[in-house]
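Trainee: Quick one: the structure is below, and I'll ask about it shortly.
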């Protein structure tokens, strides 16, 4: 039997899972690692710790499955996106901590570029992205400017840049492969997503030398092999994708209009838009989903800052619950929020608003309002923010959405999933396997290595746990949306 090893390198932990040819999980391993916050707005990882945690997980997963690396048909990689690493080619040693996707240290640089008028609508359409510290370009420029002698060495070809997938593959291959897939590259602000190639004008804008960039490879397909010294055998590296692209693939969103939402600390909603990127008029992100030879799939993406983090605030900020899982029972004590509306703009609002000055607010409180109403309003807010994204995508010409596939920790909350179906007016489908990021990495690699012929062969691997069907009338839906829109408008620009 063939086996596939999926490496799932996330923001707070590294995971590894072994899948068999029937798509069954044979083992799971996880290692947490350290996040550092050296200054306000800065978030860093130790690149060496990322490697140790990920490769230790891989070895643990193989041992737990009772397998040797030589029995693997392929390795697939899914990774936290945008996080930026700069290393020395000769030694493989990182020259500085990795700058994490959440890091905001380059906000002033982005503001300066906007003020100079060099960021145009044409560049936004070329990249599919907003000019924001979230993405890799200004992070890399910061490293080149602040690590001693880095810019000269980068221009001389002595240094390598990569997102976390590149960093992992470099060391997994013993330094023989400096690559990234088109989907990860699309999150750097340096890729023309239409040509799927590095763009000279963007490199010039951010002052990035081409010599530091990785080679672009398909998301699906063998790009090289692991060094036998790492896992004990040379194994084809056959699939690479950013975590949200991998989750979309793992959710089998293979046709245009299909979408998934990951309910984690934040929420990430991706909709397959087919072979053509959609130009958003609602400040959504257009990105490369995955590529295989001449075939390429694009996606429209919206990000919500406060998903499960809203529930964490109920626990840590208000003390309404002791564990996050208790929110469902508390919210279920009341039939609705009793007119209470929570706008969880604690760190501003993400798509489609992109309002950094918005702030969290509770509206509609009366003497009769209690903890259950606030808990219900928190779940409503997660569902309503997702509804905002879906309606923006529809207005951009994507879709229409017929069902929403869900994953992530909060997808286990039945009340939230029912509220989501009611709010969207379409079925919400929860699969049995909620670890869809690792599953997606395995599926990409399995197709790339020939374990599975194509996406049709993956059909048995995605199975439904439960379908939540909408119960609200359109009038109910409209009334809730109107009240939400009023509350959001009141919370905006609060800190401006």
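Cβ coordinates come from backbone N, Cα and C, glycine included.
For reference, Swiss-Prot lists these features for the protein:
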BINDING   11, 15, 265, 308, 409, 413  ADP binding site
BINDING   11, 81, 82, 134, 243  sn-glycerol 3-phosphate binding site
BINDING   11, 12, 13, 265, 308, 312, 409  ATP binding site
BINDING   81, 82, 134, 243, 244  glycerol binding site
Trainee: Out of 15, 81, give me whichever of these binding-site residues has the highest number of other Cβ atoms within 10 Å.
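Mentor: Checking each of 15, 81, the winner is 81.
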Trainee: Suppose we draw a 10 Å sphere around the Cβ of residue 265 (ADP binding site). How many other Cβ atoms does it contain, all chains included?
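Mentor: 19, counting other Cβ atoms within 10 Å of residue 265 (ADP binding site).
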Trainee: So what sits near residue 134 (sn-glycerol 3-phosphate binding site) in its own chain, CB-to-CB under 8 Å and at least six residues off in sequence?
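Mentor: The answer is 82, 101.
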Trainee: Where the record says 11, 81, 82, 134, 243 bind sn-glycerol 3-phosphate, what is the longest distance in Å from one Cα to another among those residues?
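Mentor: Taking every pair among 11, 81, 82, 134, 243, the longest Cα gap is 15 Å.
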Trainee: Can you tell me the CA-to-CA distance separating residue 265 (ADP binding site) and residue 12 (ATP binding site), as a whole number of Å?
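Mentor: With distance taken Cα to Cα, residue 12 (ATP binding site) is 11 Å from residue 265 (ADP binding site).
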Trainee: Taking the Cα atoms as reference points, how far is residue 15 (ADP binding site) from residue 312 (ATP binding site) in Å?
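Mentor: Their Cα atoms are separated by 23 Å.
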Trainee: Compute the mean position of the Cβ atoms of 11, 81, 82, 134, 243, which form the recorded sn-glycerol 3-phosphate site, and then list in sequence order the other residues of that chain whose Cβ is within 8 Å of it.
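Mentor: In sequence order, the nearby non-listed residues are 80, 83, 100, 101, 187, 242, 244.
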Trainee: Among 11, 12, 13, 244, all listed as binding-site residues, which has the most CB atoms within 10 Å of its CB?
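Mentor: Output for this query is 244.
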Trainee: Centre the Cβ atoms of 81, 82, 134, 243, 244, go out 8 Å, and tell me which other residues of that chain have a Cβ in range of the glycerol site.
Mentor: 80, 83, 101, 187, 242
Trainee: Could you find out if DSSP has residue 243 (sn-glycerol 3-phosphate binding site) as helix, strand or coil?
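Mentor: Reduced to three states, the DSSP call for residue 243 (sn-glycerol 3-phosphate binding site) is helix.
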Trainee: What are the non-local neighbours of residue 243 (sn-glycerol 3-phosphate binding site), defined as same-chain residues 6+ apart in sequence with CB under 8 A from its CB?
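Mentor: Sequence-distant Cβ neighbours: 8, 10, 78, 79, 80, 81, 437.
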Trainee: Out of 312, 413, which of the binding-site residues has the smallest number of neighbouring Cβ atoms within 10 Å?
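Mentor: Output over binding-site residues 312, 413: least Cβ neighbours within 10 Å is 312.
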Trainee: Between the Cα atoms of residue 312 (ATP binding site) and residue 413 (ADP binding site), find the distance and write it as a whole number of Å.
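Mentor: On Cα coordinates alone, these residues lie 14 Å apart.
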Trainee: Tell me, if you would, which residue among 308, 409 (binding-site residues) has the fewest other CB atoms within 10 Å in the structure shown?
Mentor: 409
Trainee: Near the Cβ of residue 82 (sn-glycerol 3-phosphate binding site), how many other Cβ atoms are there if near means within 10 Å?
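Mentor: Taking all protein chains shown, residue 82 (sn-glycerol 3-phosphate binding site) has 24 Cβ neighbours within 10 Å.
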